[in-house]
Amino acid sequence: MPGIIILITLLLLTGTVPATADEISPERKAELRYLLKQDCGACHGMRLKGGLGPSLGADRLAPYDIQFITQTILQGRPGTPMPPWKPFMSEQEALWLARQLKQGAH
């Protein structure tokens with residue numbers, strides 16, 4: 001118990017709170033943007049306007065909810081060339097990436 005009090009006191013004095021596991025660092029976001037351009041771009045086109053895979057433009061993704069896109073990133077699309085990316089990113093990271101795609105910020 002005294003350890004918790006000391007920790008809380010230190011946090012209050014420094015004005016900082018430890019980062020949660022759900023936060024994505026700026027460095028990781030840069031890695032995910034690179035993955036989107038290079039790896040996803042290999043099939044979806046370097047500008048993500050389509051190629052072997054469909055366009056990933058915001059207009060093309062508009063009908064799909066964010067969870068569908070997130071799960072597609074993580075699980076892939078069976079019966080298609082779309083691979084699962086779950087071994088390479090967390091669900092939170094896939095959700096962030098899906099939001100970037102929906103907003104057209106790629």
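Cβ atoms here come from the backbone N, Cα and C positions, even for glycine.
Going by TrEMBL, these are the annotated features:
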- 30-98: domain 'Cytochrome c' (DOMAIN)
- 1-21: signal peptide (SIGNAL)
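Across the residues of the domain 'Cytochrome c' (30-98), the predicted structure has a mean pLDDT of 95.
Shown for the domain 'Cytochrome c' (30-98): DSSP residue counts in helix, strand and coil, namely 40 helix, 0 strand, 29 coil.
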